[in-house]
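For reference, TrEMBL has these:
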type	residues	note
TRANSMEM	49-75	transmembrane segment
TRANSMEM	87-104	transmembrane segment
TRANSMEM	116-133	transmembrane segment
REGION	147-166	region 'Disordered'
DOMAIN	202-330	domain 'Palmitoyltransferase DHHC'
TRANSMEM	248-271	transmembrane segment
TRANSMEM	291-315	transmembrane segment
Amino acid sequence: NRWLACRSLPPGALERIADTVADWLRIPWFLGSVKVNVSLVPPLVLLPVLLHVAALHFLLGLVILTSLPAVVLWYYYLTHRRKERTLFFLSLGLFSLGYMYYLFLQEVVPRGHVRYSQVVALTCGLILMLIALSRAKKDPGYLPLPASVEKSPRQDLPNKSVRGSSNGLHGVTVSGAASGRAVNGEVKSYSRMLAEEPESVKKDWCAKCQLVKPARAGHCRLCGRCVRRLDHHCVWINSCVGEQNHQAFILALSFFMLTAVYGITLTLHTICRGRTPFLALFYCPGAYSDYSSALSFTCVWYCAIVTAGMGYILLIQLLNISYNVTEREARLALRDHTGRRLLGGLVIDTGQYNRGFLCNWGHFLSLGSSPPQRSAEDIV
């Protein structure tokens, strides 16, 4: 009625409509209906439809393959601005891998130009990538929350200041007069004097998690937790990349790049005989001679676009590791104008932890080997 009368919707109406539709999306199961996450549906439905439509004509493929990355980037900025976690990108990545592998076995292998050993090598690369991805999905190095925050996360605690120590661990001092605690009917008072602390130490206190962050740790606003050596929050794995899973993240990206490039090469050698893969990607006269070749060629271009994006992410990660800087530290350095742009702006050198190429990579390869630092509450 409001649409017909050209009246605007009341605040929150679209959110309530979306929640109602999401509640309707349920799958019947033995123990009751299972609710389906709405963000999982678009990749499963739209990706096959768009790829098959793009295979009908060259111009359709050009329009769809150009607009699809733009839509994904728009959705990324929309969710990033709202500080929302979504399974859209993870489901899109996993379904793309599975669907591309299915089409490879269905359309490319039956042509007889791909050997059995090549299929096995491609399958092994895919399996290794999924294993590394599952490891990257685990704990990135979350700092343990204090018991008071876990029991009452919204309760405002007294004002605190942070006291530094020589080994990088900090204690927590409670400002004001002595605080009382009743144990077995007796009152034990704890009084600590408030000391003047440097600004760098005060920045280590996380007001949301109510704990002291170790060096290079950061608070993720999407996960709502502090992570040791936080690099960034990756939407493609729907998790943070930190001290405990950074190596697995790089390994998953590397296996993906090798597997994707190998699969693209095998497909182009099959549908564009006698041409090099790079030349066949831009000029393949027989690609649209039949629908199977057109679909394979369209999927090759889709894989090439995704691989180029992931390759850029991997390049930035490798450069950051070489200079021992995280994405979070690079972003903060740009904001505070404390870093140097190197290699055309691809990497930001803060100079704080850079100890040379070999030492930086040695530090990265040793991540997670040392026991995690205790929380400030445990120290107190």
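Note that Cβ sites are derived from N, Cα and C of the backbone, with glycine treated the same way.
TrEMBL entries are annotated by machine, without manual review.
Within the same chain, residues 37, 39-40, 42-44, 47-48, 72, 75-76, 79, 122-123, 126, 129-130, 235-238, 263, 266-267, 295-296, 299, 302-303, 306 sit at least 6 positions outside the transmembrane segment (87-104) and bring their C-beta atoms closer than 8 Å to a C-beta of that stretch. Most Cβ pairs within less than 8 Å of the transmembrane segment (49-75), among stretches 116-133, 248-271, 291-315, belong to 291-315. Long-range contacts of the transmembrane segment (116-133) within its own chain (CB-CB distance under 8 A, at least 6 residues past either end) are made by residues 97, 101, 104-105, 109, 237, 248-249, 251-252, 255-256, 258-259, 262-263, 266.
Confidence annotation: the domain 'Palmitoyltransferase DHHC' (202-330) carries a mean pLDDT of 92 in the model.
For the domain 'Palmitoyltransferase DHHC' (202-330), the number of residues in each DSSP class (helix H, G, I; strand E, B; coil) is 69 helix, 16 strand, 44 coil.
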